[in-house]
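Peer 1: Here TrEMBL flags 792-804 as compositional bias 'Basic and acidic residues'. Annotation comment: TrEMBL describes 54-125, 126-234, 235-343, 350-455, 456-562, 568-671 as domain 'Cadherin'. Positions annotated as signal peptide by TrEMBL: 1-20. Residues annotated as transmembrane segment in TrEMBL: 683-710, 828-849.
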Amino acid sequence: MDFPLLAVLLLLLCARRAVPEQRAVRFEMREELRPPARIGSLSNGTVGARTTSFRLVSAATPFLRVSETDGSLMLTERVDREALCKRSVRGCVLALDVALVTGERFELVRVEVEVLDVNDHAPVFPSAELALEISEAAPLGTRLPVDPAHDPDSGTNSVQSYRLTGSGHFAVETMTRVDGVQYAELVLVRPLDRETQETHLLRLEAADGGRPPRTGSTNLTVRVLDSNDNSPSFERPLYAVELPEDAVPGHLLLQLHATDPDQGPNGQVVYDFGKQAGAEVRRLFRLDRRSGRMTLGNTVDFEEQAVYEVDVQATDLGAIPAPPTICKVIIHLQDVNDNRPEVSVAPVAPAPDGAARVSEGIAIDALVAVVTITDRDSGDNGRVACNLQGAHGHFRLRRAYEGSYAIVTAEGLDREKISQYNLSVVAEDFGTPPLRTVVQYVVVVTDVNDNAPIFSAKVYEGFIEENQLPGTYITTVVATDPDIGLNGEVSYELLDSETNTPSRFAIMNQAGHVYALQSFNHEVTPRLELRVQASDRGWPQLKSSAMLVISVVDQNDNAPAVMQPVLQNGSAEVPLPRDAGPGYVVTRIKARDADSGSNAQLTYRLAEGTESGFSIDQDTGEIYMSRRVIYDTDEEPRVTITVNDNGIPSLTSTVTIRFALTEGAPSNDNYYSDGEREEPGDWASAALVLIITLTSSAILLLVGISVYFFCGRKRKNQTRAVAETQDPADQPYTEKETNVVSLISNQTTNVFDTHTLTTRGYSTLPGYGKDSTRPITVWKGNSMVTVAARDPHISGKDSGKGDSDVNDSDSDISGEGAKKDYSTYKGLACRISTSWFLLDTLCFFFHWISASMSSFMLQISLDQNKPVVVLFTSEKGLQCKILDQDMTFFNNVIDYE
């Protein structure tokens, strides 16, 4: 492969790489085309074959319109090229930026429509008659410039040639100025003789290059002047001057100098602009007639015209002036960075306020707006760099083609995080100093339904009392949607969690308030589980769910119902042996309350019949004989029993029990025995208490051993000091088995200080009311003796006779109280051996245990087998009594109330 071919391929490759990402489509149209006219279509070929719509994104032009459906490019107004582009040598082009929309993606296409010139103008001279002068002594080749003809058309349709008729002394040559204008010069080709012909009448015709060509003409009158020896001459026939465009008026451009060797007025030279100098030249520049000083008359603009060609002529002041001498002054304007970059931003989807609107679901690298940048300066002054600020990395600038940029998405958008971007398009040229233009532009992110409603909780709980009327407020459920508009409007629906159908029980409004559709019965529906569904109104519709648990609060609306014995008209008959003694269980009333909680807790009471020798356990409903009763032959005892619940207000049911007296001995199985009254659960609780007690004692014993040895010596010293100061009557017994009592006597009083605790609400055993409290069992000698703990004949008071014994009046059980039967204790009895310093801890511990026991007694031995401390429950709660050596009640009593 030879080198030229390789070079061509490399150039083609480089040119291919230099093609911008956006495509350009070019159309042509002739000026003066009558609208409406179709110029072309963007959907033809491969430009927009799969495009769904077309959008004009550049500044609107009054001449062209793009159809959004098929991309047709239509002419809407007549175009005059000469008025639109004047004498532009680079052509006359209408440029548009069109976005080809395919789905959610945009492609930018540059559409250029070149307006072709039509030869609709003929050349026109400044005047129909032009006068020229020439000396009869002018040598051959002398040139006389003629004012050019003007043709507003461009290219070949402008003036292309001149033709001269009417004389054989002159010829015409077509010349071109630096600005491209064609003008004519008459050239003397034959000598002149003023005496023979003083005036030459010529006709000059200008023709353009159109087809057919158009022409324009003027009449020239050339007057031959009498000979003047010398004409002024310039130092140079051509001058070139550079002028900064920011020069101020009065700035000196050139000092012209022409000389004339003649004497007197014939040698005095004056200066003036040549006949070709137009009005614009005479407006911008000044020429001193006497001195030849050429200055700037008005400001110039490089961007409007970069070069001027000025003809300056010098003539003498002779009576018969010599022919003028012409020189050309070429003025080149120097560009100055005096124009800031011009920035325009055209959005693809404009809003009424001019901002760009972009969907938050738009794809990455999608077109948002088109930025057009122009700078009227040239060179580095007109070269512009552009950057984008305030985009947070979500938008970027992509160069489309010369002078145009596309704002495209760089990352996914999220309106819920940033709903509006205040972008700054910064354009800065490379001039010295650089000029900058900053254009603020707003991009509004439109919402997409990309967020489902969010509940404030996964599970909501509501409460409603039973028997409430329909429409009662239950609770409020709240769900929010960060979207806006219809996408953020939340509606609610209550569904059954199992059937997923609209709930029949409750309804909710759009504010999330839940109301009952019916009255609820706690006994039928104690709990209701519903599913709350929140939906927005966007497309596609998004939903989310949460659980709503409605608890129907029980009301005391059911009275107790007696189930056993079977009632007839509110009464029942049960057999009763005539010889039934105290403690005989006649029957048991069983009732049920359909309510729950405290509303279903029942209490049994005897309304009538206590005088007949009957009692009832208020917890179990067992009716038993409180004493032996002798009945008459025809007597029919009866009792009236009320069953109350603990609701507010309490509901009561009443039942009458008639006892049919029967002959025969009562069954022994119906009598109470030790522990019979306890429920099986009480024995399990007792076993648990015993296990916990033993475990706690073992743990506390380990701690106590260390304390015991540490405090042992101090305690012995205290014991010895007490013994020395005690009354002999209070000295402990010296027998072997009285060591434990000795310990009791030697303790300081603070060992048994009273501890106050709060214990309320215990349940007494059946048969023990306020007048007959629980019995307790104490250790007497080698056996257990049951005594009435709160009997009025038994007290903890000391008789004042020293150590208490059984002969004390307050401890004597030989009186009337001895007639009572305390042979059996019907509670839980335990015995534990421990030491003094753990006693107080055990008292507190068993105070807590006693709160859950209906009847409880604990005997505690201190260092010996004989019990010296008794813990038991009574109407006042847990009590602690201290016994002396003979196991009678000591004078100190600790009541834990």
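Placed from the backbone N, Cα and C atoms, the Cβ positions cover glycine too.
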Peer 1: Can you work out whether the domain 'Cadherin' (54-125) touches the domain 'Cadherin' (350-455), with the criterion being 3+ CB pairs under 8 Å where the paired residues are 6 or more apart along the chain?
Peer 2: yes
Peer 1: What is the three-state DSSP composition of the domain 'Cadherin' (456-562), stated as helix, strand and coil residue counts?
Peer 2: 4 helix, 51 strand, 52 coil
Peer 1: Need one number: mean pLDDT over the domain 'Cadherin' (568-671).
Peer 2: 87
Peer 1: Can you break down the domain 'Cadherin' (126-234) into helix, strand and coil residue counts using DSSP?
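Peer 2: The composition, in the requested order, is 3 helix, 56 strand, 50 coil.
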Peer 1: With DSSP helix as H/G/I and strand as E/B, how many residues of the domain 'Cadherin' (235-343) fall in helix, strand and coil?
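Peer 2: The breakdown for the domain 'Cadherin' (235-343) reads 10 helix, 47 strand, 52 coil.
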